[in-house]
Amino acid sequence: MRQILVTSALPYANGPIHLGHLVEYIQTDIWVRAMKAQSHQVTYVCADDAHGTAIMLKAEANGVTPEQQIATVKASHEADFSKFLIGFDNYHSTHSEENRELSELIYRRLNGEGHISTKDVEQLFDPEKGLFLADRFVKGECPECGAQDQYGDNCEVCGTTYNATELKNPYSTLSGATPVLRTSKHYFFNLPEFESFLKQWTKDEGRLQPSVSNKLQEWFEAGLASWDISRDAPYFGFKIPDTPEGEPDKYFYVWLDAPVGYMASFKNLCKQRQGSTDPQQPELSFDDYWLQENQHKTELYHFIGKDIVYFHALFWPAMLAGSEYRTPTGVFAHGFLMVNGDKMSKSRGTFIQAETFAKHLNPEYLRYYFASKLSEKVEDINLDFADFMQKVNSDMVGKVVNIASRSAGFIAKKYDGMLSDSCAEPELLNEIVRAGEEIATAYENREFSRAMRLIMQCADKANEYIDSKKPWAMAKEEGREQEVQDVCTVAINIFRQLMVYLAPVLPELTDNAKAFLNIDDLSFASRHELLLGHKINKFKPLMQRIEQAQIDAMVADSKQDLLATPTAQADNVAKAAQASETNDQQDSDYIEFDDFMKVEMTVAQVLECNHVEGADKLLQFTLDIGKEQPINVFSGIRKFYEPEQLANKKVICVTNLAPRKMKFGVSEGMILSSGDPKTGLVVITLPDECKVGDKLA
């Protein structure tokens with residue numbers, strides 16, 4: 001029996017859970033349940049990520065303490081996870097004594113080995129709010145192209161990256177005040193000292209997905225930098241211990257103590273389980289799972305989003321190795337969620353909160369749909385509402401549940417719920433049993449979409465068998481009563497096997513199926529067992545079809561969520577940003593039609609797409625725009641795409657912009673994308689029928 005500890009990334013305690021979050025928690029939960037079903041001892045822990053400036057500011061805006069703020073959000077998160085059947089063994093908070101003790105211990109060990117250094121850092125400071133400003137709280141004019149209202153790290157217009165101190169006419173988005181430069185002593189974790197270790201660690205077989213490992217090699221080539229692990233007061237978090245007396249308090253940056261939260265949640269669970277004799281909740285040893293000398297005894301896996309690979313595959317293993325703790329056995333990254341082919345949108349009603357979805361639709365619908373889309377690759381998945389409705393209705397209602405519903409009626413009506421004493425089709429049942437090995441392997445390898453396809457193939461065989469035997473016709477013929485019972489017994493047994501295979505994805509459905517089948521066990525090992533001479537209970541509908549009206553109501557409610565729940569903090573930030581604008585700017589929200597017609601949008605095809613050496617946010621494109629010579633375009637989308645993802649794609653390019661000289665060359669156009677450069681950009685691609693060189697009108 002393998003001993004496995006599993007974590008999901010910690011949701012930030014600053015707002016509700018939405019469907020984008022749920023991709024990860026559903027993926028992890030399915031994997032955990034699948035491994036538990038195969039009799040492994042698996043422990044799944046998580047916690048709220050409860051520190052940082054954003055939480056401090058939101059609490060202030062809401063008129064509560066940070067502790068009250070995070071307690072309210074934690075309760076909301078736990079309620080949402082419960083609705084979606086996420087089966088944590090423990091759900092904790094990074095604002096805990098366990099996390100404080102472990103964070104301080106790791107820091108002290110790193111410091112004791114000389115892995116911590118200090119240096120003075122010049123930062124922008126908000127004189128009205130009395131705090132140093134992170135890049136996201138500073139806006140101004142791009143130092144390269146002059147575009148207004150650009151964030152403090154990169155320009156959304158020309159793609160240039162820069163330091164916040166380089167912005168022209170900067171202002172604080174928190175107060176509207178003009179920030180001033182101040183110097184502060186910061187503490188750094190010397191990541192370059194672990195470069196040799198990390199180069200090997202990231203190449204170890206099974207540690208990372210190949211695409212992630214390849215991405216990390218690029219970062220190694222660019223050179224690792226020391227990591228700033230401190231923040232100045234005021235800050236909601238843990239004070240850094242052992243700082244020189246008389247110096248201002250320093251706090252751990254949220255990304256230092258957040259991953260330590262995995263350890264803290266597990267340690268908290270170990271305390272809860274101390275002395276336990278319950279085999280379902282066994283006693284656990286913290287040291288067995290976290291000490292370096294025990295890393296071959298137990299396994300540790302992190303499920304994360306692709307946007308936080310840098311922290312989990314570089315900083316985190318280096319911190320652990322430098323403080324005498326074991327490193328993860330594997331770090332598994334997933335892509336982002338798209339809805340109807342686009343980034344989630346509040347205005348379109350596709351930025352859907354977990355609570356809103358559960359109000360209108362069975363959460364297990366989403367669990368199945370995500371499972372049907374997820375693979376072991378780092379790929380975005382698309383929740384297409386039409387496909388979602390069709391797949392759930394066809395696969396789950398029309399195929400799987402239909403096997404039971406079309407057979408159970410005969411068994412109840414004609415045989416008082418009793419199944420046949422023998423199996424009329426042993427080879428068919430054995431075929432379904434044999435499929436279990438491949439399904440189990442697909443689950444373990446996180447190839448959930450493959451597992452769902454294999455399960456649906458089994459369901460198809462069951463329905464084909466029923467259709468070929470036609471028990472409804474047999475039932476009308478005198479003397480064929482035994483045949484009807486035999487056919488329905490085979491169907492019910494296949495249904496039982498399918499419930500074994502679907503249990504990790506649909507735990508509530510399988511619990512209801514247990515009640516119908518009058519059994520207690522649907523573990524993976526039980527797939528060999530047959531229900532013969534066994535009495536089942538009266539069938540009740542196990543899953544309802546999705547109606548378009550339910551989806552429409554959910555989307556409408558999501559739009560109302562946008563209108564009804566703007567946070568006080570969001571209002572304050574919006575007002576602060578507006579304070580720096582002139583009345584003229586506020587009156588110029590509209591442009592003339594003639595101005596719009598000046599923009600030349602052209603169908604372009606990507607001939608080449610490459611990384612830009614020395615630019616961590618740019619991709620370089622060679623585009624065919626239907627003219628004699630292709631054009632060169634730089635686009636700030638590197639963190640959202642690998643070059644090969646865009647090869648040969650047809651895109652929209654603004655082709656009458658004045659060429660812009662940049663550090664890396666001349667950009668002769670602009671590729672159109674949708675979304676937020678902070679969280680995810682989606683390049684707008686066109687169907688093959690669009691002709692290169694055509695203009696959009």
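Along the chain as shown, residues are numbered 1 onward.
Glycine is treated like the rest: Cβ placed from N, Cα and C.
When secondary structure is read from DSSP and collapsed to three states, CYS145 (Zn(2+) binding site) falls in the coil class. Taken from Swiss-Prot, the feature Zn(2+) binding site applies to CYS142, CYS145, CYS155, CYS158.
The DSSP secondary structure for LYS346 (ATP binding site) is coil. In this view, LYS346 (ATP binding site) is surrounded by 13 other Cβ atoms within 10 Å of its Cβ, with every protein chain counted. Per Swiss-Prot, the feature ATP binding site maps to LYS346; the stated evidence is sequence analysis.
What Swiss-Prot records for 595-697 is domain 'tRNA-binding'.
The average pLDDT computed for the motif ''KMSKS' region' (343-347) is 82. The motif ''KMSKS' region' feature in Swiss-Prot is assigned to 343-347.
Cβ contacts within 10 Å of CYS158 (Zn(2+) binding site), excluding its own Cβ and spanning all protein chains shown: 21.
The number of other CB atoms found within 10 A of the CB of CYS145 (Zn(2+) binding site), across every protein chain shown, is 14. Ranking the binding-site residues CYS142, CYS145, CYS155 by the distance of their Cα atoms from the Cα of LYS346 (ATP binding site) places CYS155 first. Within its own chain, CYS142 (Zn(2+) binding site) has GLN150, CYS155, VAL157, CYS158, THR160, TYR162, LEU167, LYS168 as residues 6 or more apart in sequence whose C-beta sits under 8 angstroms from its own. Residues in the domain 'tRNA-binding' (595-697) partition by DSSP class (helix H, G, I; strand E, B; coil) as 10 helix, 50 strand, 43 coil. Surrounding the centroid of the Cβ atoms of CYS142, CYS145, CYS155, CYS158, where the record places Zn(2+), the chain contributes additional residues within 8 Å, namely PRO143, GLU144, GLY146, ALA147, GLN150, GLU156, VAL157, GLY159, THR160.
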